[in-house]
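Shown next, in structure tokens, is the structure this report addresses.
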Amino acid sequence: KRRPRSASSCGSRAVAAMAPRGEAALLMLLLVLPPASAGLSGYFGTKSRYEEVNPHLVRDPLSLGPGAGGSLPASCTPLQLRAVVRHGTRYPTAGQQLARRMAARFPALFAARRRLALASSSKHRCLQSGAAFRRGLGPTLDFGGDEVEVEVNDSLMRFFDHCAKFVALVEENEAAMCQVTAFKEGPEMKKVLEKVASALCLPVEELNADLVQVAFLTCSYELAIKNVTSPWCSLFSEEDAKVLEYLNDLKQYWKRGYGYDINSRSSCILFQDIFQHLDKAVEESKSSKPISSPLIVQVGHAETLQPLLALMGYFKDDEPLLASNYARQAQRKFRSGRIVPYAANLVFVLYHCDHVNASQEEYQVQLLLNEKLLPFHHSNETTSTYADLKDYYKDILENCHFKEECELPKVNVTAVDEL
């Protein structure tokens with residue numbers, strides 16, 4: 001029987017905790033540091049502000065941005081909108097402008113007395129964001145009472161918790177994160193540690209990658225939540241921020257992205273549910289029935305969206321993210337702060353189109369990520385017939401079964417071999 005490899009097999013060692021004396025010195029020295037370097041906010045990974053991907057919102061929070069009109073012909077009418085939304089910064093405002101922008105972009109769907117199905121994960125931050133989304137629509141839209149009930153649905157919004165294979169072989173398996181651990185011990189992070197130690201007049205032995213990352217995340221939190229520059233930001237240059245962003249992206253890649261197949265395959269339960277509702281809307285439209293669920297908004301996590309986008313094949317680089325290829329990945333597609341910042345949202349919009357040349361063109365789809373049209377893989381266009389889209393993802397829709405995907409292997413193999 002072979003024993004599972006530990007994280008040390010990637011050349012790492014246990015991260016030492018920083019001594020209390022070092023913490024006190026760190027806090028004292030922060031008070032006398034010069035102002036923070038500019039340009040850090042683009043490298044905060046999953047802790048990034050939504051405005052980093054949509055800078056026009058800084059000037060006008062209700063702006064729909066460039067190209068808001070889309071590219072569909074005038075004869076197309078939206079039938080259904082399905083949005084999977086990441087929670088906000090944990091302090092959502094009463095206005096939640098995302099809801100108002102969505103209503104402005106699709107006024108026919110958000111018209112008075114249209115049914116809104118609102119679901120969330122059980123986490124308080126998601127329930128808060130769901131309630132804020134409803135309030136953001138204002139009193140003029142009557143969705144059957146001022147407070148639409150938010151349905152808790154962890155089986156869809158936290159599918160990763162219910163996937164035994166993912167939990168055992170990735171979530172709780174240190175060996176699965178060996179690339180992350182190796183990067184913490186690598187030359188790029190060592191350089192950041194030395195610079196931070198020098199700035200604080202501390203021995204480098206009293207710092208470690210985890211502590212430096214906490215300082216960087218504290219900088220990001222204060223910017224995202226309070227829109228202020230934290231003294232912690234003073235510790236880092238833009239080059240340091242790029243290294244720490246890569247550390248964050250490595251974790252996302254191996255734990256939620258393309259690192260292991262189970263990361264994305266576990267999301268097929270959500271992917272299939274999206275298409276089941278789209279199918280139902282198509283059938284209702286063909287039968288001239290009212291669409292029973294014209295608006296479906298579900299609030300989850302970065303961990304909900306990232307695997308789903310990986311399942312769909314988006315933001316995949318030619319080579320995997322590794323501890324050893326930081327420089328080669330400078331122009332990588334997989335940048336979590338650009339994909340799943342706070343309030344990230346993936347929106348499927350189903351249209352019915354009149355005056356088309358063929359019957360299969362009658363139902364068309366657009367996909368928006370963070371309010372920007374996302375080209376489809378099979379055509380590189382921003383509009384697809386629903387039939388073509390289903391055909392492209394036929395294997396996932398028909399052959400990805402959550403229960404079977406998530407079963408732990410019955411044979412006695414190591415975690416690394418199985419993944």
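Our numbering is plain: 1 for the first residue shown, then up by one each step along the chain.
Glycine too: its Cβ is placed from the backbone N, Cα and C atoms.
Candidates considered were CYS201, CYS233; the recorded disulfide partner of CYS219 in TrEMBL is CYS233. All chains included, 23 other C-beta atoms sit within 10 angstroms of the C-beta of CYS233 (disulfide bond). Counting every protein chain shown, 25 other Cβ atoms lie within 10 Å of the Cβ of CYS219 (disulfide bond).
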